[in-house]
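Here is the structure we will look at.
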Amino acid sequence: MKQSLILAVLCLALVFATIEAKPKADPNIIVGGCIKCHVKNASGRCVRIVGCGVDKVPDLFSDPNIIVGGCSKCHKQDSSGNCVRIAGCGVDPVRDAE
């Protein structure tokens, strides 16, 4: 009786130790060579995935690494596939007046 009780306690301890040994969610987990919520672009640079993580609504004004449609911050692709600047985005009032 004593041996089976000790065996049961040891089994429970092993189960709890296994559960605790599982890795926790790591905000810096590496996916494809980049940190969480980032991917490598064509030039091999890690860029942020729009809408990933706590920023559910893309904030074009605060994150310089946000990529929208393959273009960098404050730029979008035109019908030819070229990246063109979005007027009013960022802080360049001189260019916006053009």
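Note that Cβ sites are derived from N, Cα and C of the backbone, with glycine treated the same way.
Features as listed in Swiss-Prot:
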type: DISULFID; residues: C34-C46; note: disulfide bond
type: DISULFID; residues: C37-C52; note: disulfide bond
type: SIGNAL; residues: 1-21; note: signal peptide
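C52 (disulfide bond) carries neither a helix nor a strand DSSP state and counts as coil. Classification of C37 (disulfide bond) by DSSP places it in coil, neither helical nor stranded.
For the recorded site, C46 (disulfide bond), the DSSP three-state label reads strand.
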